[in-house]
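If you check Swiss-Prot, you get these features:
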BINDING   Thr5, Phe6, His10, Pro11, Gly12, His13, Asp92, Tyr119  ATP binding site
Amino acid sequence: MATGTFDIIHPGHGFYLKKAKELGGKNSKLVVIVARDSTVRARKRKPVINEKQRLEVVKMLKPVDEAYLGCEGDIFKTVEKIKPDIIALGPDQDFDEKELQKELKKRNIDCKVVRIKEYKKSPLDSTCKIIKKIKQMKFDDIEKC
């Protein structure tokens, strides 16, 4: 299982999802949980792309077998429903692996938590970097869009 906002898709997302799927082995199935707009606003910032569109795009990505919107409020409800063998965390996700593992154990969810390393092959390797670059650009020919 992989989770995330997936607001403006970039190569780091592809790397994360590919590595998450590889964790499960040859015939693994990757289920992706896309964060709800309310969750993104509470934890990060207002999303650029709404949750339904983000989900639609994630479903189209090659490593993804299934994708769903997360539950409002208790993020563990989705995990309890899916019962993954592995939860792959992205490098920028603010979960502490040990605390997450403790909470999973408390809820009788037997799965491994693995942090995927950072993707640094692209200067625009995060949604925030993309947003900052767009804000800095002067679009003299915006009418052509």
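Every residue gets a Cβ built from N, Cα and C, even glycine.
The structure, with features from Swiss-Prot marked on it.
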residue : record           : Cβ contacts under 8 Å, 6 or more apart
Thr5    : ATP binding site : Val34, Ala35, Val40, Lys44, Pro47, Arg54, Thr127
Phe6    : ATP binding site : His13, Val32, Val34, Ala35, Arg54, Val57, Val58
His10   : ATP binding site : Ser122, Leu124, Asp125, Ser126, Thr127, Ile130
Pro11   : ATP binding site : Tyr119, Lys121, Ser122, Asp125
Gly12   : ATP binding site : Gly90, Glu118, Tyr119, Ser122, Asp125, Ser126
Asp92   : ATP binding site : Glu118, Ser126
Those same-chain residues, other than Thr5, Phe6, His10, Pro11, Gly12, His13, Asp92, Tyr119, found with Cβ within 8 Å of the centroid of the ATP-site Cβ atoms are Gly4, Ile9, Gly14, Phe15, Tyr16, Gly90, Asp125, Ser126, Thr127
If you count Cβ atoms within 10 Å of the Cβ of Tyr119 (ATP binding site), leaving out that atom itself, what do you get?
19
Counting across all protein chains, other CB atoms within 10 angstroms of the CB of His13 (ATP binding site) number 25
Measuring Cα to Cα across Thr5, Phe6, His10, Pro11, Gly12, His13, Asp92, Tyr119, which the record gives as the ATP binders, how far apart are the two most distant ones in Å?
16
